[in-house]
Amino acid sequence: MVNVERYEIFLDFNEYSYEGMEKIKMKSDGEKVELDSVGLEIKEVKADGKQVKYETKNEKLIVYSKVNEELEIRFSGKADNKSILGIYVAPYDGNYLITTQFEPIYARKFIPCFDSPDMKAVFKLSVRVNRGQKVISNMPIISIRDDGEKIVYEFDETPRMSTYLLYLGIGDFEEISDESKKPKIILATTPGKSKRGIFAIEVARKVIDYYEKYFEIPYQLPKLHLIEIPEFAAGAMENWGAITFRESALLADESSSVSQKLSVSAVIAHELAHQWFGDMVTLKWWDDLWLNESFATFMAYKSLKEIFPQWESEGHFIYDETLSALTEDSLLNTHPIETHVKDPHEIEEMFDNISYGKGASILRMIEAYVGEEVFRRGVVNYLNKFKFSNASGSDLWNSISEAYGSDISQIMAEWITKPGYPVITVNVEGDSVEFFQRRFTLLNVNDSTIYKVPLTFEVNGKRQTLLLDKESVKLNFDNAVSSIKVNLNRTGFYRVLYKPFELSFSSTLNSYEELGLVNDYWNFLLAGLESIKTYLTLIKRFSNTRNSFLSREIAFELMTLYYINKDKYYSIARDFLLNQIKIYRNAKDDLGKMAYSSIIRSLAIVDDDFALGLSNLFQYYEQLDSNIKGAVAIAYAISTSDFNGLLDKYKSFNSDEEKLRMIDAITNIRDKSIVEKLAMLVFNRTIKYQEAPHVINSLSNNPYVREELCNFLQGNFDMIKQFVVTVAGMWGLFYIIRGPMIMCGVNKPEETIEFLDRIKTKEIARSVEITKEYIKVYNRVKNLDL
C-alpha cells in the first residue's frame with residue numbers, strides 16, 4: 001500500500017537535457033516501492049534521508065526500502081526531439097520550445113512517479129532555465145530569481161491532481177491576457193501569433209461563466225493558460241490550468257472560416273469542461289476514460305448552444321458525435337463504452353468515437369429521459385461529493401438517480417457494458433403499432449442482445465414515451481394510426497426502420513429528425529437491409545433541402561459512394577451537388593456558409609468542369625472569402641497538378657489553418673508521384689509530424705493515386721509503423737490502419753485482407769478486424785446494381 005501526498009520537483013535545464021531532484025512525501029508499508037520511470041537516468045535514491053538500493057527494469061524504478069516520510073530521487077532526463085509524447089521538443093521557424101503531453105502514461109518519461117490517475121498528489125515545481133526563456137506550468141509563478149547565468153521559476157503548489165495533468169512548457173512564448181475577472185486567462189503562442197488568439201480568450205471567458213453557473217462551482221485555480229503548441233499529437237489536452245492545443249484547434253480570427261471558429265470553440269469548451277470533470281474530479285482508472293471524454297464532449301455542445309445559438313450546436317452534436325458513434329458501434333469489433341483496461345498500453349485504443357461520441361450521446365439520451373434540471377442537479381451533487389478526488393461511472397449514476405428519485409443505474413449499465421445498439425423496426429396495422437428491436441450491425445449478423453431503450457415517439461401528433469426492455473411490444477390506440485415518427489429530436493442512440501418505408505414520411509420531421517432518418521437509411525443500405533433504390537428515393541425527396549446538416553450529410557454519403565466506385569456513382573453525386581449549389585450560393589447565415597463550403601468542395605472533386613471554372617479564383621486566393629478557400633485550392637490542384645506552386649504557398653503561410661488547406665489540396669492532385677513527394681515532406685518535417693496520419697488518410701480518398709499509396713504503405717509498413725508510433729503514439733497507427741487500408745481494400749480486397757492478417761499483432765488486432773469489416777461492407781456497395 002502506497003500513500004502519496006506531495007511531489008517537490010526541481011529541474012535544471014541545459015537546452016534539451018535536464019537534471020532533476022524530486023522529493024516525494026509519501027508512505028509505504030511494503031519492503032519495496034515501485035514507481036513508473038521510462039528513459040530517465042536514475043542517479044541516487046534516498047528513503048527517509050538514507051541512500052537505498054534501487055534498479056530500473058520494465059518501465060519501473062524499483063526502490064528496495066520501506067518509506068515512512070520521504071523518497072528523494074536524483075535523476076536526469078532529456079526532451080525527445082523525435083517524438084511528440086512525454087516531454088519533447090516542438091520545433092518552429094528555426095526555433096523550438098519544450099513542452100509536455102502526459103495522457104495517458106507519459107508522465108513517467110518526465111519524472112519518476114506513480115503514474116496512475118488514482119494516485120493524486122500535490123505538485124510543487126521549480127525550474128532553472130537560460131535567461132530569455134519563459135516557463136509555464138499548471139499554477140501561477142510565485143517567484144523568479146537570478147541564479148548565476150540562469151533564472152529559476154518557482155510555481156505555486158497545485159491542488160491534489162493526477163500525474164497525467166501535470167504540465168511544463170519552456171520557450172519564447174508570446175502572451176496576451178484577460179484580467180477582467182477571475183480567473184486570469186492567458187493565451188500563449190509562438191512569436192507573432194498571439195493576436196489570432198483574441199477570439200479564443202473571448203470564447204474561454206464565456207464558457208467558464210457558463211460552467212460556473214451550470215456546475216455551481218467556481219473554476220478552482222487562480223489562472224488559466226491556453227497554449228498553442230507547434231507540434232502536438234492530440235487536438236488539445238486538458239492539463240489543469242495549462243491547456244495545450246494544436247494551433248489549428250486554438251487560433252481563429254475575423255479571417256477564419258465559420259467551420260474553423262466552430263471547431264476552435266468546441267475544442268476550447270471541451271477542454272474547459274475537463275477542468276471540472278476530469279481534473280477536479282478524476283476517473284479512478286482508465287476503464288472510465290469514457291466518462292471523462294464523453295462528459296466533456298456533451299458539455300461542450302451545451303455551452304455552445306448558450307453562447308452561439310446561431311450555430312445550432314445540438315445539430316452539430318448529432319452530426320459530428322452521434323452519427324459517427326452509431327457508425328463505429330455498428331461493427332462486430334466495437335467495444336462497450338466501459339472497457340476493462342489491464343495493460344496501460346491498451347489505453348490509447350480507447351480514445352475513439354465510442355468513448356467520446358457514444359458516451360456523450362448516451363448522456364444526452366439519459367438527460368432527455370430524466371429531464372435537464374434533474375440531470376444538472378445530479379451532476380452538481382456528484383462534483384461536490386468527489387471534489388479533488390476520484391470517482392467512477394456508478395458514482396455519477398447514483399447522483400443522478402438521487403436527483404431523479406428513481407434508480408437509473410440499470411438503464412445506464414445496459415448501455416455502458418454492452419457493445420452496440422438496436423435498430424427499432426416500426427410496424428403499423430390499423431390502430432396498432434408494434435416496435436421490434438434487434439442489434440444493428442453493418443454485416444447484418446443475427447444477435448439476440450436486448451437493450452433497455454428509452455423510446456420517444458409521436459402517434460397522430462401526440463408525444464409518447466416507452467421503456468422498451470424486451471424484444472417487441474405492441475401498442476393499441478383509440479384511432480387508426482395515420483402518422484408516426486420515432487426517436488424525437490434524435491435523442492435516442494438507436495436507428496429506426498419503418499415498415500413500410502413510406503411511414504417515414506407520415507409525420508413532419510424537424511431538421512435533426514431528417515438528418516437522423518437519412519443517416520439511418522444510408523446505414524441500412526450499407527448493411528443490406530434496404531435497397532439502393534429505396535435509398536435514392538429518399539435522397540431525391542430531399543434534393544432541394546435547406547437543412548444545412550442534412551445537405552452536408554447527404555453530400556458526405558454520396559462522396560463515400562464516389563470514393564468507393566467513382567465511375568458508378570459519379571453522376572448521382574454530381575447531380576445532387578449541382579442542385580444544392582443553387583440553394584446555398586448566396587447564403588448569409590453561418591450554417592448556410594458551412595453547407596456551401598462543403599458542397600463546392602465535393603463538387604470540385606467529382607466534376608472536372610466545375611473544378612476548372614472554380615480554379616480560376618485561385619489567382620485571387622488571399623482576397624477570397626475564407627469559407628470557400630479550401631474548395632478553390634482543391635479545384636486548382638485537380639485542374640493544374642501544380643505541386644510546386646501549392647507547396648510554395650504552403651511554406652509561405654504562417655497559420656496552420658491556411659497550411660492545412662494547402663495539404664488538402666495537394667492530396668487531391670491526380671498524379672501518382674505525389675505519394676512519395678508527400679511522404680518525404682512528412683519525414684523531413686516540412687509538413688509537421690502531427691499531420692502524418694491526416695496526409696495519408698486524405699490521399700487514400702483520392703482514387704487516382706490510391707493504388708500507388710497502397711503499394712507504398714504495404715511495401716514500407718514496418719518503417720511507417722515505427723515512424724508513426726514514435727512521433728504520435730499508437731493512436732496514429734490505428735488511424736492509418738482504419739482509414740487508408742479500408743480504401744486499399746476497396747481496390748484490392750483479397751490482397752489487402754491478406755496483408756492485414758500478416759501485420760496483425762495484439763496491439764492493433766481490433767483495428768485490423770474493424771478494417772476488414774469495412775472492406776466487406778464497402779465491396780458489397782461497390783458492386784450494387786443501380
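Note: Cβ is positioned from N, Cα and C throughout, glycine not excepted.
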The Zn(2+) site in Swiss-Prot includes H270, H274. Which of E254, E293 is also listed there?
E293
Which of these, E103, E372, E373, does Swiss-Prot say binds substrate at the same site as G235, A236, M237, E238, N239?
E103
How would DSSP class E293 (Zn(2+) binding site) in three states?
helix
Name the residue among the binding-site residues A236, M237 whose Cβ has the smallest number of other Cβ atoms within 10 Å.
A236
Where N239 (substrate binding site) and H270 (Zn(2+) binding site) are concerned, what is their Cα separation in Å, rounded?
12
Around the Cβ of N239 (substrate binding site), how many other Cβ atoms lie within 10 Å? Please give the count over every shown protein chain.
28
With an 8 Å cut-off on Cβ distance to the H270, H274, E293 Cβ center, who else from the chain surrounds the Zn(2+) site?
E238, E271, A273, F277, G278, N292, F295, A296, T297, A300, Y356
Across all chains shown, how many C-beta atoms besides its own are within 10 angstroms of the C-beta of E293 (Zn(2+) binding site)?
26
Which one is it: of the recorded positions E103, G235, M237, E238, Y356, whose Cα lies the shortest distance from the Cα of H274 (Zn(2+) binding site)?
E238
